[in-house]
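Below: one structure, written as structure tokens.
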Amino acid sequence: MESDEAVQSTNDDASECKRSAVRLGYWQDRFIGVLARATERKPPEINRGYFARTQGVTLFVKQFLKVVGEKCQIINIGAGFDTLYWRLKDMDLKVENFTEIDFPSVTARKCYAIKRSKVLLDGLGITDGEVKFSSTELHGGNYHLVGADVRNLADVAQKLRESEVDLRLPTLFLAECVLVYIECAQVTRLLAWIVEHFSNALFVNYEQVNMCDRFGNIMLENLRARGCPLSGVESCKSLDTQKKRFLNANWDGAKAWTMVDVYAAIDPSERHRVEKLEMLDEQELLTQLFQHYCISVAWKGPVLQGGIRLSEYDDNE
Ligand SMILES: C[S@@+](CC[C@H](N)C(=O)[O-])C[C@H]1O[C@@H](n2cnc3c(N)ncnc32)[C@H](O)[C@@H]1O
């Protein structure tokens with residue numbers, strides 16, 4: 001479908017923006033340059049936004065790993081060209097299984113890039129096993145890259161089995177700018193399916209919020225003009241609709257913060273470092289962007305009942 005192709009192309013934007021910010025020193029990622037095309041330098045507000053997004057997601061990933069330990073899994077839904085698997089290895093953070101899912105046309109390109117890249121292949125850390133490749137899928141060590149439309153739950157279940165995902169292990173599901181492209185009813189089915197099958201799970205979701213005001217409407221119009229259907233936008237009206245999406249699908253609890261709060265929770269020395277990298281033309285524009293993106297988290301099962309926090313001062317219930 002044409003609209004699916006437009007959604008898939010959002011991965012090129014995301015990975016090119018990440019590459020632009022990394023090149024300017026916002027954070028370290030020696031892998032994104034292998035996967036993403038080099039493009040012109042992005043505006044400072046965009047670089048700063050991607051910095052907040054990457055650091056915010058990493059903050060929750062690290063918290064999950066601290067709570068559950070190494071015997072856990074990460075499943076990245078709509079992973080695109082994300083490099084978290086390799087970056088975790090660079091940080092010496094270990095997981096039992098790391099599975100990435102995206103449309104086969106996207107995973108095919110990622111497979112091809114991995115096959116041709118020594119740095120990405122070395123990152124799989126395979127010493128005594130082999131890497132199994134097809135044109136759209138790759139299984140090597142604890143890394144699995146599989147092609148599926150996540151609206152098709154039978155396919156998702158099959159691909160997770162092939163990736164040796166263990167339903168009993170604490171599992172972090174990650175979705176960065178993915179659910180907004182999927183019909184709300186289908187997202188609810190996916191979220192309910194996860195809760196039904198995994199005994200301990202955390203979901204970390206990054207995407208648009210506060211889409212009902214003027215700035216939100218302009219953002220939506222820009223995306224629609226590119227042919228992207230924003231079928232899931234109903235859940236992006238407010239922090240409350242973001243949380244309700246999980247609670248309606250039977251998750252035990254949920255929290256959500258705009259990127260204004262997430263940015264403020266990033267280590268101050270890191271924030272001060274990146275604030276010196278580029279002059280911001282428009283502080284107001286950055287604030288508006290931060291008000292219109294959020295991270296929502298939801299948990300299920302006894303292991304994560306202690307709750308997940310944005311910071312030690314967090315009293316968001
Ligand atoms: C904006 S990109 C984000 C990529 C990556 N998460 C990141 O943050 O760099 C959205 C991704 O979601 C994927 N996606 C959207 N709907 C999907 C679906 N129904 N099934 C599988 N992948 C999907 C797209 O193909 C695309 O790679």
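Cβ coordinates come from backbone N, Cα and C, glycine included.
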Same-site S-adenosyl-L-methionine binder from ARG53, ARG87, ARG161, ARG189, given that TrEMBL records GLY78, ASP149, VAL150, GLU176: ARG53
Those binding-site residues in ARG53, GLY78, VAL150, GLU176 whose CB falls under 6 A of ligand 1, listed in sequence order: GLY78, VAL150, GLU176
Where the record names ARG53, GLY78, ASP149, VAL150, GLU176 as binding S-adenosyl-L-methionine, the maximum Cα to Cα distance in Å: 24
DSSP three-state assignment for VAL150 (S-adenosyl-L-methionine binding site): coil
Three-class DSSP secondary structure - GLY78 (S-adenosyl-L-methionine binding site): coil
